[in-house]
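A.B. asks: Got a structure for you, questions after.
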Amino acid sequence: MKTVHVAAGIIRRDNGDEVLAVQRGYGSMQGLWEFPGGKVERGETPEQACVRELAEELQVRIVSLRNFYTVEYDYDDFHLSMECFFCRIDETGDDTEPQRNDRQMDLRWVSRRSLATLEWMPADQGLVQALVELDDAAEVPQQRSAQEATAVGRTPRRASGRKPGKKRKKDLLDGIDTSDLSAAETELVRRRAAIKKSMKGNKRADTKPEMLVRQRLRAAGLTGYRLQWKKAPGRPDIAFPGRKIAIFVNGCFWHRCPHCHPSTPKRNTEFWEAKFRRNVERDARAVAELEQMGWLAITIWECELKRDRIDETMARVIDQINSASRGNAD
Ligand SMILES: Nc1nc2c([nH]c(=O)n2[C@H]2C[C@H](O)[C@@H](COP(=O)(O)OP(=O)(O)OP(=O)(O)O)O2)c(=O)[nH]1
């Protein structure tokens, strides 16, 4: 898949609390919000591309660029690699107000707290989350001495950062250059690394609930299914293309199970609610599209696969598959 390199600017104002968001006015992602920017041209550094793109797009000169975040995201037909820079508008220039152009529907200064209320480009979710989280960490002073660190309850690190003779534990920040970052930003990078590490455990395919379902299907003689079948709306976890049957095995937390009422994280509630809403809408859209195409869409919730419920659940599902197959064969 081809990679598209993009540079985007997160322009800050008002002590860093507000950032500039623009609403795309064209193409298939029209109406979604994004950060101003564009493709890096041959021979340009991402910083240079960012300055050029924002001058062209908003008629402002940006300064004080600081690397903040890299988005890596697979769209259907290309991989996006987007370098995002914190920056400011050069207040000494003539043009200090960003101008909307005819490729944008809107342009808005948004406080970081309200970022999640906008509908963002699919690739921007992690970036937006990082900005929302930065809000919490922003209270940490930029440069803190060891003395100040102790005053807020943290033990200052030894020069080596560890006790003599003790084997050094692998740090999440190993291999990441944080020398140019403030304390708040370093903390944020550390949290992002922790999330990334924990997300690595969230395998999309072959999850335990999916394996349980597949085992039961095979035992019932229902084989020949396809996994994560891209050609059907919603990329069903299990699909029987010939029988036109799609099965989604949904995690209760991410997909908001109507049976077991999963919890919502206490922090960044707005962000999480928006994320969950998008997941639920996406799921509903996939089911509607499948049904329109004459498919049977079956949703199995993770909690329905618990030891005391799996027999009943899978008996129902196998029944549905068999009757739909008979119907399709008629
Ligand atoms: N500038 C920007 N682009 C983003 C964001 N999120 C995101 O997925 N993108 C994608 C959309 C585009 O595929 C690509 C940016 O390229 P671009 O601005 O040249 O836009 P484009 O390919 O749609 O349009 P064109 O100028 O080539 O016609 O990055 C974002 O926050 N800012």
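Cβ coordinates are placed from backbone N, Cα and C, and glycine is handled just like the others.
Heads up, TrEMBL stuff is auto-annotated, nobody curated it.
Sequence annotations record features per position, and here TrEMBL assigns domain 'Nudix hydrolase' to 1-132. The region 'Disordered' feature in TrEMBL is assigned to 139-174. Among the features that TrEMBL reports, compositional bias 'Basic residues' is placed at 155-170.
Mind mapping these onto the model and telling me what they sit next to?
C.D. replies: The helix, strand and coil residue counts that DSSP assigns across the domain 'Nudix hydrolase' (1-132) are 30 helix, 56 strand, 46 coil.
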A.B. asks: Determine the mean pLDDT over the domain 'Nudix hydrolase' (1-132), rounding to the nearest whole number.
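C.D. replies: Mean per-residue confidence for the domain 'Nudix hydrolase' (1-132): 91 out of 100.
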